[in-house]
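Taken straight from TrEMBL:
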TRANSMEM  12-30  transmembrane segment
TRANSMEM  57-79  transmembrane segment
TRANSMEM  85-104  transmembrane segment
TRANSMEM  111-130  transmembrane segment
TRANSMEM  150-171  transmembrane segment
TRANSMEM  178-199  transmembrane segment
TRANSMEM  219-236  transmembrane segment
TRANSMEM  248-267  transmembrane segment
TRANSMEM  279-299  transmembrane segment
REGION    329-359  region 'Disordered'
COMPBIAS  349-359  compositional bias 'Acidic residues'
């Protein structure tokens, strides 16, 4: 933990990130409910290129909820590093999974519950070990970071790969592979986080009295942010319309977090100020989250029964049941006579008759 850990701004950014996860997790449910209502009415689905969801109030409620969450997320990036804010998006996976099982009848089995717990634990570890220093604190330094050759190469790779996914992979396997549209959202989302960070710095300087409105960089970042968010909304709607919410949300989180951490490491170079134990803790926390998301996604339709237990546990369970049965029989033999009094009487009568006949 850095020296900046006692700053009120750090905890304000942490609280805003937590609120953002709650709103964004709920927005997935509202959007999915709106898309399901449109499907029941026979409207053209979003996965088939339709935009009738613009006439559904539930979808707009979900968009408003996501807007509030993104606004809180926007403010959080202005007060805390991206390496801290982004991993807390795992809580939106938890919120979405719980609400999906409640309102969308999407079952959350034992594996999913364990995955949610692992996601929370991994996020906690990442928060503990995340850097608390702000590498970029002015618009001038942000402009210098954006001119870095490493970030330029990263941005070009993101744009080219997104275009290939949209125009080549999308028509071929977008309806059958959840990764196509989610990868587009995640890759473009990493650039939107960079824009959000720059606009947050712009607003902070504006409130401090600096003439940042005359700087073209702030307006360029605003236009880029609008374009990135529009692309994310469009392809996220397609993914939600085709696939289950319990599938889209965790996969989107893993890919989005990975892309943002890469962008943050290249652009803001926050990892350069981290000691070895914090680096190991951050990576371990992220891998724990990925493991939890994998449990939540890969085994979502698998019921948890005794047949899934290892053989030695199944044998022990069978032996335990056998012990209980033998104990019950032993107790019943101790507390009940072998023959009732009437049976004893009839048995003695039969024995006497047999003796008389033999004589």
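Backbone N, Cα and C atoms are what each Cβ position is placed from, and that goes for glycine too.
Among the stretches 85-104, 111-130, 178-199, 279-299, the one making the largest number of Cβ pairs under 8 Å with the transmembrane segment (57-79) is 178-199. In this chain, the transmembrane segment (150-171) lies close to the transmembrane segment (248-267): three or more C-beta pairs between them fall below 8 angstroms, excluding pairs fewer than 6 positions apart. For the transmembrane segment (85-104), the residues of the chain that approach it from at least six positions outside its boundaries are 13-14, 17-18, 20-22, 24-26, 28-29, 32-33, 36, 69, 73, 76-77, 112, 116, 119-120, 122-123, 126-127, 130, 193, 245-246, 249-250, 253, 256-257, 260-261, 264, 285-286, 289, 292-293, 296, judged by C-beta separation under 8 angstroms.
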